[in-house]
């Protein structure tokens with residue numbers, strides 16, 4: 001049957017990409033349908049029970065700045081919070097949280113069920129409705145047809161998924177869930193460029209079988225950082241520690257003894273795994289000189305004994321998994337609740353997508369998450385939000401939006417994917433961003449929330465919080481610039497206590513704050529400080545902006561220089577063979593990738609700066625337009 005209501009946007013899949021996509025489209029006022037094979041697994045944390053980390057936390061903050069759900073759900077479900085790289089500069093500081101799986105999933109479910117314009121339906125999707133070269137809906141396994149203006153595919157690891165434990169394998173989307181094999185086969189019929197990747201997960205351990213008394217405890221930060229710009233510590237449930245153990249030479253010997261039954265070493269697995277989250281057998285093989293590897297024992301929640309051993313992802317046979325765990329300190333009597341496994345799945349080459357994440361071949365069809373070759377909840381959520389908002393805009397024939405590399409880690413992510421593609425699961429790092437000094441966690445709202453408001457993603461409550469912070473930061477910065485102190489106003493004793501030396505002439509408070517070793521809170525103890533000292537995120541932002549102003553200004557200048565060519569548009573039907581001086585190889589690569597701007601063209605492997613200069617001159621003569 002054809003469902004009687006037509007939707008603006010259909011989202012296929014209810015993981016981290018799908019939930020953010022559906023929420024984004026619905027916040028923008030579009031009638032949105034989220035199709036999932038199981039409503040009970042919406043927002044499921046399929047692998048590790050954590051959110052954030054280096055680069056990843058930056059993405060979560062950006063999703064939050066645009067009105068997304070992940071950071072807020074983490075504050076509601078987080079059972080340990082830490083700031084990574086706390087002793088380093090603000091550009092690389094990152095928030096990471098352990099999450100209670102049940103509480104996190106419940107928070108996401110609550111947001112979905114209470115979002116106006118959003119409807120849920122439990123059925124796996126087997127096919128898409130096509131009208132020429134445009135998608136027009138989705139067909140479920142029961143033959144129900146839902147019509148829509150746009151469709152967002154967020155199938156995760158479910159497309160033609162195959163699970164491996166030792167030499168045994170079976171179809172599945174993840175442990176306990178069926179694969180989307182029919183949909184995977186149908187998508188291949190549409191001649192979309194497809195490949196295979198793999199990821200893995202460790203065995204889960206019953207905490208009652210662990211001897212924590214001999215292990216090193218790793219507590220969270222106190223006070224705990226807050227993830228969402230809309231969050232607070234009052235949202236956090238009870239906090240728990242993690243624990244640390246290590247592999248040893250006996251562990252490595254056991255693991256090597258299983259190589260002949262490993263699907264990775266026997267060729268049973270064809271897909272490429274994530275470089276930065278290798279399986280334990282891969283680590284033992286690649287780093288044969290290492291005597292030990294650190295393993296973090298992470299609690300899965302407040303109401304369960306289940307423990308996630310971070311660092312032991314594996315597809316080895318179960319007997320090897322058990323013996324390897326029991327060879328480690330504190331795990332001598334470990335009981336495995338769920339075996340570790342690897343999963344192979346289909347992904348589609350993201351170079352076949354526009355920067356809006358819309359397919360170049362099928363109009364109205366958007367892809368987000370692991371289906372694009374990424375790994376990680378955070379990367380998926382960021383893509384989901386971008387795909388959802390652009391599907392919503394496309395449903396009303398509005399032009400798409402995406403941030404540039406200089407505006408957001410989301411911009412870096414989508415540019416890397418659609419320009420360079422992937423040959424292994426893609427993970428975000430701060431090192432991928434050229435302009436990371438201005439792409440910090442702390443200013444994600446100042447970078448993106450005004451845009452989010454303009455796009456219809458940011459509601460009134462969030463907008464009010466943002467405006468109060470933005471205005472308070474601006475007012476305090478202006479006050480620090482215009483408040484002056486001199487030796488008559490600051491005693492030598494106070495000056496040495498706060499500044500480490502006397503005040504020898506007149507200075508603005510901003511100049512004093514810029515000095516190494518002087519922080520805002522201590523400066524505020526000077527009797528001459530004047531106004532009431534601010535605290536929390538506002539004080540942090542004021543201090544960072546003042547101390548790093550010179551570096552940030554230089555980065556802005558670098559961005560401005562790059563702008564000269566970055567956004568020069570290349571016409572969609574441009575004939576690269578017409579540009580004399582370009583080598584055949586460069587012409588072929590440009591014709592294959594079809595970059596939309598000179599900036600995108602410059603990041604294609606093998607396209608030289610000289611080739612970009614030639615292309616720029618040609619486009620200028622032809623009167624190529626610049627993008628907004």
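Keep in mind that glycine also has a Cβ here, set from the backbone N, Cα and C atoms.
Residues or ranges marked as FAD binding site by Swiss-Prot: 13, 14, 15, 16, 17, 18. For residue 14 (FAD binding site), the same-chain residues 6+ apart in sequence whose C-beta sits under 8 angstroms from its C-beta are 22, 34, 36, 38, 39, 41, 42, 43, 44.
The feature NAD(+) binding site is assigned by Swiss-Prot to 273-287. Its own atom aside, the Cβ of residue 283 (NAD(+) binding site) has 19 Cβ atoms within 10 angstroms in the protein chains shown.
Spatially close to residue 13 (FAD binding site) yet at least six residues away along the chain are 35, 36, 153, 154, 155, 156, 158, 369, judged by Cβ distances under 8 angstroms. For the recorded FAD site, residues 13, 14, 15, 16, 17, 18 set the reference point as the centre of their Cβ atoms, and the other residues of that chain within 8 Å of it by Cβ are 11, 19, 20, 21, 36, 43, 154, 156, 368, 369, 380, 384. Cβ neighbour density within 10 Å is lowest for 273 among the binding-site residues 15, 18, 273. Long-range Cβ neighbours of residue 285 (NAD(+) binding site) (same chain, at least 6 residues apart, Cβ-Cβ under 8 Å): 256, 259, 265.
Rounded to the nearest whole angstrom, the C-alpha distance between residue 273 (NAD(+) binding site) and residue 15 (FAD binding site) is 20. Summary: among the binding-site residues (17, 277), the fewest other C-beta atoms within 10 A of the C-beta are counted at 277.
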